[in-house]
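Among the features that TrEMBL reports, repeat 'TPR' is placed at 51-84, 85-118, 153-186.
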Amino acid sequence: ALETLKMFEKKDSRVKSAAATNLSFLYYLENELAQAANYADLAVNSDRYNPAALTNKGNTVFANGDYEKAAEFYKEALRNDCSCTEALYNLGLTYKKLNRIDEALDCFLKLHAILRNSAQVLQQIANIYELMEDPNQAIEWLMQLISVVPTDPHVLSKLGKLYDNEGDKSQAFHYYYESYRYFPSNIEVIEWLGAYCID
């Protein structure tokens with residue numbers, strides 16, 4: 001894939017930008033951040049209005065820990081294409097890293113309006129409500145999540161934990177037991193179930 005895309009580098013700026021965008025993404029997946037950044041720069045310079053190129057540039061900056069600068073690239077990508085879901089998702093993650101929880105929630109709620117059944121988006125919204133110490137909202141979003149991925153043992157155990165923290169032992173038992181059914185090797189879940197049976 002890398003070799004094929006490199007053949008397009010000599011073409012006109014539109015084609016060059018598309019090839020460089022894909023090369024940047026491939027290098028990013030291989031964790032070669034310097035190469036990913038180089039091709040992201042090339043893609044952005046070839047076409048300043050390419051939202052995928054701007055998102056890739058944001059990703060390389062994010063990976064280097066410069067979250068403020070990453071947020072700027074994601075916002076610019078969204079200014080060029082308001083339906084760029086990757087930029088919006090990554091902007092939400094960036095705001096989480098910056099501890100700007102309300103802005104992160106806003107990003108993920110916008111994404112939820114676009115991607116109604118995205119498990120990743122539902123999980124992020126539930127996690128943010130948990131960070132905001134609003135367990136009822138976290139439970140509500142996790143319930144939506146298990147309607148999308150009903151056999152995910154981690155989501156089920158998270159529901160068990162939240163219900164346990166709320167003092168609802170029977171609901172906690174139900175979700176911990178469901179989690180155990182799908183993944184019987186989670187020691188934390190086994191310990192909870194054992195303690196529940198002793199009680």
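Every residue, even glycine, has its Cβ placed from backbone N, Cα and C.
TrEMBL does not curate its annotations; it predicts them automatically.
Helix, strand and coil content of the repeat 'TPR' (85-118), in residues and according to DSSP, is 27 helix, 0 strand, 7 coil.
DSSP labels the residues of the repeat 'TPR' (51-84) in these numbers: 27 helix, 0 strand, 7 coil. Over the repeat 'TPR' (85-118), the average per-residue pLDDT in this prediction is 97.
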